[in-house]
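Pulled from TrEMBL:
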DOMAIN    17-146  domain 'dUTPase-like'
BINDING   Arg66, Ser67, Gly68, Asn79, Thr83, Val84, Asp85  substrate binding site
REGION    136-158  region 'Disordered'
COMPBIAS  137-149  compositional bias 'Gly residues'
Amino acid sequence: MADKVDVLIKRLDPGLPVPAYAHPGDAGADLVAAADVELAPGERAVVPTGVAIALPDGYAAFVHPRSGLGARFGVTIVNAPGTVDAGYRGEIKVTLLNTDLRDTVRLRRGDRIAQLVVQRVERAVFHEVTELPGSARGAGGFGSTGGFPGHQHSQEGA
Ligand SMILES: O=c1ccn([C@H]2C[C@H](O)[C@@H](COP(=O)(O)OP(=O)(O)OP(=O)(O)O)O2)c(=O)[nH]1
Ligand SMILES: [Mg+2]
């Protein structure tokens, strides 16, 4: 059986369910909207979920978009994945964005709008140096390996 972690949860709206995993083995527990929301094309809104949590030290929760909302309606999360810190006791909120150029999206209270992934996280101890150790990648990034449709691979500008 996979590792499990106990997370305290407080319902701020007793009429709504606590986050739930749809299937065994799912990484994300679905979060619901605590209010109706209407998003015009290109519009975003901070949507309450009706829950607050207390994570153990050494954990964080990440608010991920749902692929179905993205594929069907173009609804995503502006700051995906949102980070819920272990010390945060406020309501979890989701900043939804309607990326569709034509259609307004209407979501109802109780609709599943995002999914919460709880993960262990490390705290870094930053050691300042003047030179970093070399690596195979070096400073290449932002498409340095090419592979874009219709474009030739180029080392320039990497
Ligand atoms: O999608 C999100 C992202 C964040 N939060 C909450 C939990 C998190 O612990 C807190 C702060 O988030 P973050 O550090 O990303 O925001 P910030 O803009 O840096 O605000 P702050 O200055 O409060 O840290 O807001 C959410 O409810 N949903
Ligand atoms: Mg912050």
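Here the Cβ of each residue, glycine as well, is placed from N, Cα and C on the backbone.
Structural mapping of features recorded in TrEMBL.
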residue : record                 : CB count, 10 Å
Arg66   : substrate binding site : 19
Ser67   : substrate binding site : 10
Gly68   : substrate binding site : 10
Asn79   : substrate binding site : 11
Thr83   : substrate binding site : 11
Val84   : substrate binding site : 21
Asp85   : substrate binding site : 11
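The DSSP secondary structure for Arg66 (substrate binding site) is coil. Note: the compositional bias 'Gly residues' (137-149) comprises 0 helix, 0 strand, 13 coil (DSSP; helix = H, G, I, strand = E, B). Proximity of the binding-site residues (Arg66, Ser67, Gly68, Thr83) to ligand 1: a Cβ under 6 Å from the molecule is found for Thr83.
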